[in-house]
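Here is what TrEMBL says about this protein:
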TRANSMEM  56-77  transmembrane segment
TRANSMEM  98-122  transmembrane segment
TRANSMEM  128-146  transmembrane segment
TRANSMEM  167-193  transmembrane segment
TRANSMEM  231-252  transmembrane segment
TRANSMEM  259-276  transmembrane segment
TRANSMEM  296-318  transmembrane segment
Amino acid sequence: MPHDSANHSVTASPPRPGKVADYLAIARLDHVTKQIFIVPGIVLAALLRGVHTEHLALNVFLGVVTAVGIASANYVINEWLDREFDKFHPTKSRRRAVQCELSGTVVAFEWFLLVATGLGAAFAAGRVTFLVAALFALQGLVYNVAPLRTKDQPYLDVVSESINSPLRLVIGWAMVDPLTIPPGSIILTYWMAGSFLMAAKRLSEYREIVAAHSKELLTRYRASFAGYTEISLTVSCFIYGLLSSFFLAVFLIKYRMEYILLMPVIIVMFAHYLSLSMKPGSSAQNPEKLYRERGLALLIILLVALFALTTAVDFPLLEQLTEQRFIGLR
């Protein structure tokens, strides 16, 4: 039975004066694990294009600084602009911008410094990385800042937030080959996979907060939830997952048929993640903590092992899948 009134925030403690540690905390440098999405871009570029730079180590360093800098800048404005809404969330109400009295001027300077660091590193890395970094920074503004603030619009919130996934992919790709960008099919795969993750996160929040409090409290935390139901969020997860699988199949068949053998494991990963999002206190609400999920970790290890196998070994029989063949009956 809901027990918290939607008219009151989850936290009633008066804010304390902000300290240096609090300003550092809103940059969420502990979320650096999310930059793991860069790695497939590096691997795919190396396999499909080969290394097209004489400064690979430097490019990797600059690319990581770019991704961390821009992502942290986005986190800064996210936490600052959401402080009046996060106080209605059971756990986000403990964020520093809610609990502390921070200076808007200092927060703006911190955002500017992080963006400048990210764009500076991107400019040194190359044109592609710089353009992607600029888009990454723009995404943070579009998603968080009024009057656009797409995070308050159902469905648009998911697709606009998850675009940072393919941007990270391209950053990784550009570390190895700064002259091209990944194929459109894998970019769309990444985008829809990211949308699946973000929709699953919202599904987890919806189920947990509505069950423990009320939907009214949930919509005070995030306006987009007014346009969602548990059913619509679940259906959207299926749609994003199916679209991601479709684009991935296109990519795999087009660039190396053997990789199609990865699809069963990937489908199980989608199913496993969706089941995680439906559990109380799900780590789907905090993707930076997913490394603690043993089942998901085992599936990733299996996927990496199978990827290595299908990279090294040819399966000529699979080529028949690209030909027109009919089963004859006698």
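We count from 1, first residue shown onward.
Note that Cβ sites are derived from N, Cα and C of the backbone, with glycine treated the same way.
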Cβ pairs under 8 Å between the transmembrane segment (128-146) and the transmembrane segment (56-77), at least three: yes
Same-chain residues near the transmembrane segment (296-318), Cβ under 8 Å, at least 6 residues beyond its ends: 47, 256-262, 265-266, 268-269, 272-273, 276, 290
